[in-house]
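What TrEMBL says about this one:
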DOMAIN    24-420  domain 'Ammonium transporter AmtB-like'
REGION    364-384  region 'Disordered'
REGION    444-464  region 'Disordered'
TRANSMEM  12-34  transmembrane segment
TRANSMEM  54-76  transmembrane segment
TRANSMEM  88-108  transmembrane segment
TRANSMEM  120-141  transmembrane segment
TRANSMEM  162-188  transmembrane segment
TRANSMEM  214-234  transmembrane segment
TRANSMEM  246-266  transmembrane segment
TRANSMEM  299-319  transmembrane segment
TRANSMEM  340-357  transmembrane segment
TRANSMEM  397-420  transmembrane segment
Amino acid sequence: MAVPPSTYPRRLLPLFLGLFQGALLLFFALFVTYDEPSAQVEDTSLVANQVYSTFPFFQDIQVMLVVGLGLLLTFLPRYGFSALTHNFLLLNFSVQWALVLQGLLHHFHHGQIHLDLHKLLLSEFAAVTVLISVGAILGRASPCQLLVMATCEIPLYLASEWVIVTCLGVLDVGGTITIHVFSCYFGLGVSKALFRATQQPLHPKETPTTSSDLMSLVGTLILWVFWPSFVAVLCQPGDAQHRAILNTLLAMSASAITTVVASSLLDRDGKPSPSHLQNGSLAGGVAIGVVADMAVPPVAALALGSLSAVLCVLGFRFLTPLLARKLTLHDQCGIHNLHGLPGILGAAASIVAVLVAPKDASGSHPSQLSPAGGNASEAVEGQGGSRGVGGQALCQAAGLAVAVGASLLAGLLTGSALRLPCLARPPERLCFDDLLYFKIHDQAESPGPDSSAEEGALALKEQV
């Protein structure tokens, strides 16, 4: 019996998620297990030390992604519940999907995938790319479109990371190139293909309010506090991890102060913009990731944080309106200003850091320039010193080019797929509204007693 058109969009999301979770249950039952417990006391102590050293960082990252990033997206006054919930849903969906793909590609031995905390952490790093990318189309895409976007982006990210890290040997312990740059331009590619050449006018529900900006700023503060854990978690414990934490703190402190300066100078009344504060304060954390564990002086971290904040503020003030006007490029959350521009700056800084790094007596790089862990460590340990200064600098530039080019192309293809009518893209007049997706019991926000029912019915009629 055919499903009535009026109920099809409502059933699409639970059907998609139900089939996905059912398939994951079957896959985990057949192929996923934990490592065998160690019988030796020395091995047991080693495993315990690894868990105790990693899990606090892991908890920090969980707070960042679930609470900090979720609140950062609540600047839309009538879309806060959807932003928080969809962010949480996408995180869980993407982590499970990444666990499956990474397990099949890298950890499938003798018919089993052995799960541990490190593999789960790498899956969360993959999920971050999705959470960043959806910022470009936040509020104008349905949950089904976001899930299909995540389904496509995770394998594309893993392929891009493999090329950048394993094949090119790029040093990027904090994911500046592999995560921030890739996710930014993937999201922009999706936005361009999804909305095509249509100019997106300012929506009446799009303007932030004082309370929504305040909630978003709270998210910024949470991200700011825990960001050093995100950068340093995959570093080698010891000097490299210590250096990464210090460099990240210095860069983010400088970006917070510089954001206030730059935003105030650009305003006629000398008042900083809330959107600048929400994003520019985090720009230093994006830029420093690629050089966080390298032998760079503290002043370099401060300078990088300040420059990234200036780029972010200038991007919001001038570049975003220009791209919207000239290229009809829609970027709802300004991910190009927070992740794209600081990411490119960080990649350029890594090239300079490689070129000017001191050499030992043999003429090779010291250990501080070798990858110190994370998504750049396991595959390329020691390559930073073996290929020479010029070769490594060229690899850093090539990695940036691959991240930008591959993500843009992949985003354009994914965005074209998201235009399928069955994915229930919301009509323009009903965008940025929680009432379209959730039962909101506070009727004070509704213009009339029957408005939610009427809008929901209209949305379902227009979606099919």
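Even glycines carry a Cβ here, placed using N, Cα and C.
Those TrEMBL annotations? Automatic predictions, nothing curated.
The stretches the transmembrane segment (54-76) and the transmembrane segment (120-141) meet in space: the count of Cβ pairs below 8 angstroms, excluding pairs fewer than 6 apart in sequence, reaches at least three. A Cβ distance under 8 Å defines the sequence-distant neighbours of the transmembrane segment (214-234), meaning residues of its chain 6+ beyond its ends; these are 54, 56-58, 60-61, 63-64, 67-75, 80, 121, 173-174, 208, 241, 244-245, 248-249, 252, 256, 274, 277-279, 281-282, 285, 288-289, 292-293, 373-375, 377.
In this chain, the transmembrane segment (246-266) does not touch the transmembrane segment (340-357); fewer than three CB pairs sit within less than 8 A of each other, excluding pairs fewer than 6 residues apart. Segment contact holds for the transmembrane segment (397-420) and the transmembrane segment (162-188), given three or more CB pairs below 8 angstroms at sequence separation of 6 or more. When each of the listed stretches 12-34, 88-108, 162-188, 299-319 is scored by C-beta pairs under 8 angstroms to the transmembrane segment (246-266), 299-319 comes out highest.
Residues 17, 20, 24, 27, 31-32, 65-66, 70, 114-115, 119-120, 122-124, 126-127, 130-131, 134, 143, 146-147, 150-151, 154-155, 158 of the same chain lie 6+ residues outside the transmembrane segment (88-108) yet bring a C-beta within less than 8 angstroms of a C-beta in it.
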